[in-house]
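S.K.: Structure below; questions to follow.
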Amino acid sequence: MLSYQHGFHAGNFADVHKHFILSLIFAALNKKAKPWSYLETHGGAACYDFRSEQAQKTAEYRDGILKIWQQSETPEALAPYLNEVKALNGSGNLALYPGSPQLAAQFAREGDKVAIMELHPGEYRQIKQHFSRNGQVAVHHRDGYEGVSALLPPKPNRGLVLIDPAYEVKAEYLQVAKYIKDAQQRWPNGSFAIWFPLLKAGQHQAMIDKIVASGIRRIFLSEFFAQPSDSARMFGSGMLLINPPWQLDQQIASVTPWLAQRLAMAGAEKPRETWLVPE
């Protein structure tokens with residue numbers, strides 16, 4: 001199903017949660033001189049303009065990144081993320097927002113490689129054009145799962161895979177669980193990040209249970225709640241991390257309570273961080 005377009009939702013609370021964590025992972029990868037690879041199953045349009053008709057129709061960014069942008073003081077562990085958002089906007093007002101492919105491209109150094117899959121025709125055209133002059137970023141018009149699998153293990157042989165589908169089809173949750181077991185076997189020393197929505201139906205829990213039972217080690221979960229759990233809409237954001245960088249768990253936990261004070265509605269649960277499977 002190819003109806004989902006992220007432009008309506010760019011910069012919302014879930015993007016803030018997902019992208020600050022991704023930025024911390026990129027910052028950790030950049031602490032070592034060795035080059036890294038970044039692969040993504042569902043790239044989207046890469047960069048989003050809050051002045052666009054899509055963004056203005058929903059204005060979800062106003063309850064997300066805009067509230068963070070307006071803060072005079074922010075936690076230290078938010079700096080890698082906010083610095084990249086600011087770099088995209090220069091000294092002006094918040095108008096542009098980096099999706100995960102753009103974040104990867106901004107963090108990438110000489111020798112680092114970025115590979116993005118996107119099957120939606122419109123989104124593919126946008127992201128292909130966006131990176132047309134960037135030789136470090138390869139954009140593929142193909143199924144995200146098949147495309148990333150074909151490139152595993154990548155060269156350079158350290159880095160991250162982001163699995164970030166729209167979950168328009170309920171079966172996608174278990175598809176992700178099945179896929180991650182194969183992908184991790186292909187690239188055992190890689191890091192993997194799986195984003196998922198928190199919805200009343202609770203479909204994500206079966207996915208998590210299946211991944212935990214797969215035998216994969218070092219699985220960390222971060223859940224951020226923006227609305228009460230009985231909401232009919234997406235009320236939270238989840239990031240399941242496999243083989244995350246050292247101390248990433250502590251960095252995440254230093255940010256999410258602060259985010260909750262500024263982005264969460266009354267009645268929302270407190271953020272949760274936990275190791276589901278240790279070493």
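Every residue, even glycine, has its Cβ placed from backbone N, Cα and C.
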S.K.: According to TrEMBL, H19, S100, E118, D143, G144, D164 bind S-adenosyl-L-methionine; identify which of H42, H130 is listed for that same site.
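M.R.: Between H42, H130, TrEMBL records just one in the S-adenosyl-L-methionine site with H19, S100, E118, D143, G144, D164, namely H42.
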S.K.: C-alpha of S100 (S-adenosyl-L-methionine binding site) to C-alpha of D164 (active site, proton acceptor): distance in Å?
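M.R.: Computed Cα spacing between S100 (S-adenosyl-L-methionine binding site) and D164 (active site, proton acceptor) is 10 Å.
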S.K.: Among H19, H42, S100, E118, D143, G144, D164, recorded S-adenosyl-L-methionine binders, what is the largest CA to CA distance in Å?
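M.R.: So the maximum pairwise Cα distance among the S-adenosyl-L-methionine binders is 23 Å.
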S.K.: E118, D143, D164: which of these recorded positions has the sparsest Cβ neighbourhood within 10 Å?
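M.R.: Relative to the other recorded positions in E118, D143, D164, D143 has the fewest Cβ atoms within 10 Å.
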